[in-house]
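Heads up: the structure comes next, in structure tokens.
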Amino acid sequence: MKIKKSQIIGNTLSIMICAMLGGSLRYWLSQVISLWPMLGINLSGCLILGGLTFYWLERKPLAEWITVGLGTGLLGAFTSFSSFTLDVVKMTSPGLVWGYVLLGIGGGLLATASGCYIGHYLGTREVRR
């Protein structure tokens, strides 16, 4: 499948703009929330990405520049696996580390699955109307 040069440029610009917003939002929230901010950011990002993905699957597909902008750009910059792993490395208590890892990975899977279910439900519900 050949992609037009203009489509690549449009998608790239969308990702760049949305990534600036997602990264800025993540930074702002990490300054405002004092207790394990990256965990909350990553879990909410998992929920939102799962929800939007399955919502879009049930609805008329959006333009690619919108989906890559929001998914790869906004939510990709908002969530951060590298920040999550850095938080783990900086922790000194083994019990705290394992709890954080289990919450991060297990909670991320649960949040994504929940988002997928919610997105599917909302997408099919609106289609039936």
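From the backbone N, Cα and C atoms, a Cβ is placed for every residue, glycine too.
Note: TrEMBL annotation is automatic and uncurated.
Per TrEMBL, these features apply:
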TRANSMEM  12-29  transmembrane segment
TRANSMEM  35-57  transmembrane segment
TRANSMEM  64-85  transmembrane segment
BINDING   Gly76, Thr79  Na(+) binding site
TRANSMEM  97-119  transmembrane segment
Next on the checklist: Pairs of Cβ atoms less than 8 Å apart decide it: which stretch in 12-29, 64-85, 97-119 has the most with the transmembrane segment (35-57)?
Outcome noted: 97-119
Next on the checklist: What are the sequence-distant neighbours of Thr79 (Na(+) binding site), meaning same chain, six or more residues apart, C-beta distance under 8 angstroms?
Outcome noted: Arg26, Ile41, Asn42, Gly45, Cys46, Leu49
Checklist entry - Which of the three DSSP-derived classes (helix, strand, coil) applies to Gly76 (Na(+) binding site)? => result helix
